[in-house]
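Here's what Swiss-Prot has on this protein:
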- 136, 137, 138, 139, 140, 141, 142: ATP binding site (BINDING)
């Protein structure tokens, strides 16, 4: 077996069909891989200490031989098992004992994205699909959904896969069983998934932005950027021209990208190698051929995009640039953006009442995401705090200080956040919520924010921190924010404009 980097589709498919394959992890990704390998008739060893019982019905779909092992048993017997390939769930670190042991035995280790892409490109499920890959520190889900909408509006059989929902391996297996085929996979891919996919080469790839994140997993920011950069091996790379770290990463890898995007005028930011840039001119989203102003294509209005603000506009520009790389018609881009509504917890307006807008951006779980959520806004009552996980907030406060009218802080690391706000913005009103019960805390947040807000203000939940200190996840945090916004803003009348959550 060749090295993981050199693993080719035909070789990988032959291994999946005729050799023993070990699957590490039984989460969403692991279950998707199992269903795909079952469709291929693989000999499987599933390693999982949890959720193994949920997999029994999957093996009934074919003649697959499936053996279940605990992690410790798999480590002890790995040499005896002699798998020719290990497919790991994305969260498993390279130094995990099982994966480290596989490396010692020179067994190739790949992830769920790589396994699905290799099988698909080898023709295991019919004509290979077109893959578009979206990654970045923030904005991946919104951009993936926007891009999928544009492709569908253009008449393409497109499906959003990866972190946004269905695992691509599960989608391949489902279509193998007779469900409608998708010819285009729009994949939201994480740095973890890309680490385990060194051979992955999508048709179109884009890094939306880069900031320090998941350093405990990757070991350094350089490693994190290197894993993200895997999408830039695409046949057509799209560069985020407003993000210096993305451009630095691309230059370090000598990426030649003919396409890019910006939220500014395309001619003002285009790099020397970029030929076509999507950007904003005269209130319109346009695609410009650099150096030839006569070749400007109008795409859509730059106003009214969901989510509002620069972050939403950047996602729309990225989506449009990737769509244009596949030849999507301008009318389809405009129609998709006109009908697009951001998913819950990603800049969703949950209430407009009394001239005050309440915005749920609970997904902003790190300082970079919070900065993106608040950039360009004014008169903001900022709801922030939770688990900072060691992240510094001084740069964030410096960047968004001009947008803030007041701060309501909660969560286990609220003191650190409040201290930095007080140091940089000593005159800014700050309310500290000491409650640790999730409902009580968010009830107090909404009460305080309602008391501070005046017509023309926005109350924005953009925590800059993880949620697990009090909440089951960012979804519960956002749901409770919306619930108590309605309660304290007095929006129980029938004519209130509360947007449907979903």
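Using N, Cα and C of the backbone, Cβ positions are placed for all residues, glycine too.
For residue 138 (ATP binding site), the number of other Cβ atoms no farther than 10 Å from its own Cβ, over all displayed protein chains, is 26.
Residue 142 (ATP binding site) carries a helical DSSP state (H, G or I). Of the chain residues outside the ATP site list 136, 137, 138, 139, 140, 141, 142, 134, 143, 208, 209, 315, 369 have their Cβ within 8 Å of the site's Cβ mean position.
Residue environment of residue 137 (ATP binding site) contains 24 other Cβ atoms, counted within 10 Å of its Cβ in all protein chains. Its Cβ taken as reference, residue 139 (ATP binding site) is surrounded by 26 other Cβ atoms within 10 Å in the chains shown. Taking each of the binding-site residues 141, 142 in turn and counting other Cβ atoms within 10 Å of its Cβ gives the largest count for 142. Of all the Cβ atoms in the protein chains shown, 27 others lie within 10 Å of the Cβ of residue 136 (ATP binding site). For residue 140 (ATP binding site), the same-chain residues lying six or more positions away in sequence with a CB closer than 8 A to its CB are 134, 163, 164, 188, 189, 190, 208.
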